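For reference, Swiss-Prot has these:
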- 15-136: domain 'EamA 1' (DOMAIN)
- 155-276: domain 'EamA 2' (DOMAIN)
- 7-28: transmembrane segment (TRANSMEM)
- 32-54: transmembrane segment (TRANSMEM)
- 67-86: transmembrane segment (TRANSMEM)
- 91-113: transmembrane segment (TRANSMEM)
- 120-139: transmembrane segment (TRANSMEM)
- 144-163: transmembrane segment (TRANSMEM)
- 170-192: transmembrane segment (TRANSMEM)
- 202-224: transmembrane segment (TRANSMEM)
- 231-253: transmembrane segment (TRANSMEM)
- 263-280: transmembrane segment (TRANSMEM)
Amino acid sequence: MPDRRTLLLTVLAMLAFAGNSLLCRAALKDTAIDAVSFTALRLFSGALMLAVLLHLRRRPATPARGGWRGAAALFVYAAAFSYAYVQLDAGTGALLLFGAVQVTLLLAGLLRGERLGGQALLGFLLALGGLLFLLLPGASAPPLGGALLMLLSGLAWGLYTLLGRGGGDPLAVSAGNFLRALAFAALLLLAFHGQLRLDGAGLAYALLSGALASGLGYAVWYSALPGLTAIQGASVQLSVPVLAALCGALLLGEPLAPRLPPATLAVLGGIALILAPRLGRAAREGA
């Protein structure tokens, strides 16, 4: 059982992850900021926050690390995420993102030779079916363009996660990747310089998304991870789409699409089935 400090850090990290969806959707729905400006400001403030946190740590100075492949994946994630939330509600976007990330990680495992048992295969098909159900044509389906962009964002984040495994100090790697991603953001700003829009509220949302929900949120999550098993770390992330949907309804006044609750149950239930055998093995080994 995680200690109280780990539990608190975990709750704060999940709120930060859900907060990214809420801040991005609120900015692009209710303010004048455009998706390109939001992306660039989010990456800039995230890089700044991570650099500050890296500097303040009580250990020998660690330079920012990471690499260009990780930075490219991070940029694609952030840009597609912003463009998707021009059209999607917070809960729908978070579910598509989360589902795409988990499917990407699972497929990567299969390509490495990992095998799925019967229960895990059922879970994979259930989660995939939930995503497809959400995307089926109909009055309550999310806009296809926004949905595809969010799936691309999830794919990119899954690749970013895979590239970061075994890369050393996660905070230093994240700081380096955010810093490098600014080069891609600058190119995007140049390409769309005549279409950029900004106001005070949009600026504030973008800076909060980058500095708090992204930079500080990732740092809090990295601090919580040593106190969690791998299965616990994967399982608690099941809460993010639910938190985003509930907070979107409460704070942004977004209606819950009729397909969202059953799709959420299918996706999260399927992922829980995938994790359950590993959780059982971990519990037996720790007994």
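Cβ from N, Cα, C; glycine included.
Distant neighbours of the transmembrane segment (91-113): 18, 21, 25, 81, 84-85, 124, 127-128, 130-131, 134, 142, 146-147, 150-155, 157-159, 161-162, 237, 240-241, 243-246, 248-249, 254, 256-257, 260, 263-264, 267, 271, 274; these residues of the same chain sit at least 6 beyond its ends, with a Cβ under 8 Å from one of its Cβ atoms.
Same-chain residues lying 6+ beyond the ends of the transmembrane segment (7-28) with a Cβ under 8 Å from its Cβ atoms: 34-35, 38, 42, 81-82, 85-86, 88-91, 93-94, 97, 201-202, 205-206, 208-209, 212-214, 216-217, 220-221, 223-224, 227-228, 236-237, 239-240, 243-244, 247-248, 251-252, 254. Within the model, the domain 'EamA 2' (155-276) carries an average pLDDT of 87.
Using DSSP to sort the residues of the domain 'EamA 1' (15-136) gives these counts of helix, strand and coil: 95 helix, 0 strand, 27 coil.
With DSSP states grouped into helix (H, G, I), strand (E, B) and coil, the domain 'EamA 2' (155-276) comes out at 100 helix, 0 strand, 22 coil.
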